[in-house]
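Record features (Swiss-Prot):
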ACT_SITE  Y406  active site, nucleophile
BINDING   R118, R152, E277, E278, R293, R372  substrate binding site
BINDING   D294, G298, D325  Ca(2+) binding site
DISULFID  C92-C419  disulfide bond
DISULFID  C124-C129  disulfide bond
DISULFID  C184-C231  disulfide bond
DISULFID  C233-C238  disulfide bond
DISULFID  C279-C292  disulfide bond
DISULFID  C281-C290  disulfide bond
DISULFID  C319-C337  disulfide bond
DISULFID  C423-C449  disulfide bond
CARBOHYD  N51  N-linked glycosylation site
CARBOHYD  N54  N-linked glycosylation site
CARBOHYD  N62  N-linked glycosylation site
CARBOHYD  N67  N-linked glycosylation site
CARBOHYD  N70  N-linked glycosylation site
CARBOHYD  N86  N-linked glycosylation site
CARBOHYD  N146  N-linked glycosylation site
CARBOHYD  N201  N-linked glycosylation site
CARBOHYD  N402  N-linked glycosylation site
Amino acid sequence: MNPNQKIICISATGMTLSVVSLLIGIANLGLNIGLHYKVGDTPGVNVPNENGTNSTTTIINNNTQNNFTNITNIIQTKTEEKTFLNLTKPLCEVNSWHILSKDNAIRIGEDAHILVTREPYLSCGPQGCRMFALSQGTTLRGRHANGTIHDRSPYRALISWEMGQAPSPYNTRVECIGWSSTSCHDGKSRMSICMSGPNNNASAVVWYGGRPATEIPSWAGNILRTQESECVCHNGVCPVVMTDGPANNRAATKIIYFKEGKIQKIEELTGSAQHIEECSCYGAKSVIKCICRDNWKGANRPVITIDPEMMTHTSKYLCSKILTDTSRPNDPIDGDCDAPITGGSPDPGVKGFAFLDGDNSWLGRTISKDSRSGYEMLKVPNAETSTQSGPVSHQVIVNNQNWSGYSGAFIDYWSNKECFNPCFYVELIRGRPKESSVLWTSNSIVALCGSKERLGSWSWHDGAEIIYFK
């Protein structure tokens, strides 16, 4: 082939490739236009509705590639309608307790940045359950951990984190600032309340949906405080128990009814309960029950029964002869429904809980009657109403060779069961005052939930070796 023929051949080949490329481009353009018309005519694709709560949103992303072909991605997302929680279901039958979560915060904190906390609890919402606690604004290994035995300081905050993890500066969310707290989800959004300030003039800030909604000043000038575990909501109404006044004498307790963070009604405590602190509340059958701490007199626990629809309440004492506060005397022959049963030393009380459901009633208490060590669950039928009621079943949660602490109730009200399954947590306190070789006071958490099966006991103690912190 001579040079002229080669040139003609190469030119012809180039022109052929150019024509083919042009035809491919025209075909792609036509296909892209056709796809756009088809998307516009499809009845299943809706215009985004930003005002509705039960809408379909369509997002069309046109991405231009290097070969000038437009690729259309269609993403459809549905937003579920948010509704207020209603406490219409009964409690589930419980024959024993199964492990739900254990964060091992102190063990992990020996070699990691774990926050110093106390007064922990769990609380659930439509998206799942989270752990909560009052942080001390420092880590276990931090120098500021010295002095964290004290309850109230400007450095404390209510934090929350994913259930099962240990709280660190990297995985926690600050809910509000303060040294006493409660928090609950109404089905639409979360309400959190924190108390802060000096003992003689503390105040509460109520947060709803991540924003401050209400402020409450002290009404007795003596450590305004609240539940230290979750509140409970019914049809948007969230009652919260608050106390202001002496810890060892008559104090001023109020039940405050909130809706979307705003006060709907305030009631002074009525009934036979003489002292109320640190209530543990749960809801079922449209009623909220709060089992509290009488820090003044009673080793039997006060019970507040709340009607959230009428926004009214009554109070009394747990009738059972099984005493559940610490310190406490030996269990008496008879309980008392209307008056505190005195006795026990040296500690005046500890936060605790119970589930009161006729034959399906369970009480929690420390195994030691004198100190915050060990923890057990006792099934006590009719504990709320019978002065003769005693245990028919028993399960060890923490053995008596290990420290416990506060305990409280919570329920995952969104678990789609035909009933509300009771759950509880136990605070496992480590450090001072019992273990003075370290400078800090902190805790880990263990949580369990009810089971219809009859499961065995095991000790879910903290497990950290304090000697490793020296």
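Cβ atoms are placed via backbone N, Cα and C, with glycine included.
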By CA distance, which of the recorded positions (C124, R152, D294) lies nearest to C233 (disulfide bond)?
C124
Could you tell me the C-alpha distance between C423 (disulfide bond) and Y406 (active site, nucleophile) in angstrom, no decimals?
15
C124 (disulfide bond), number of other Cβ atoms within 10 Å
19
Select the closest residue to C92 (disulfide bond) from the following recorded positions, measuring between CA atoms: N146, N201, C279, R293, D325.
C279
Can you give me the Cα-Cα distance between C319 (disulfide bond) and Y406 (active site, nucleophile) in Å, rounded to a whole number?
22
By CA-CA distance, flag whichever of C279, C281, C419 among the disulfide-bonded residues is nearest to R372 (substrate binding site).
C279
In Å, rounded, how far does the Cα of C129 (disulfide bond) sit from the Cα of D294 (Ca(2+) binding site)?
29
Specify the secondary structure state of C292 (disulfide bond) as given by DSSP, simplified to three classes.
strand
Round to the nearest Å and give the CA-to-CA distance linking N402 (N-linked glycosylation site) with N86 (N-linked glycosylation site).
39
Within 10 Å of C281 (disulfide bond) (Cα basis), scanning recorded positions N146, N201, C292, Y406, I find C292
Entries of R152, R293, G298, Y406 which, being recorded positions, have CA atoms within 10 angstroms of C279 (disulfide bond)
R293
Could you state the whole-number distance in Å separating the C-alpha atoms of E278 (substrate binding site) and C238 (disulfide bond)?
16
Residues near N146 (N-linked glycosylation site) in space but at least six apart in sequence (CB under 8 A)
L439, W440
Which chain neighbours of the Ca(2+) site, leaving out D294, G298, D325, have a Cβ atom within 8 Å of the mean position of the site's Cβ atoms?
H275, R293, N295, W296, K297, A299, N300, R301, P302, Y317, P340, I341, G349
Neighbouring C-beta atoms (10 Å sphere around the C-beta of C238 (disulfide bond))
30
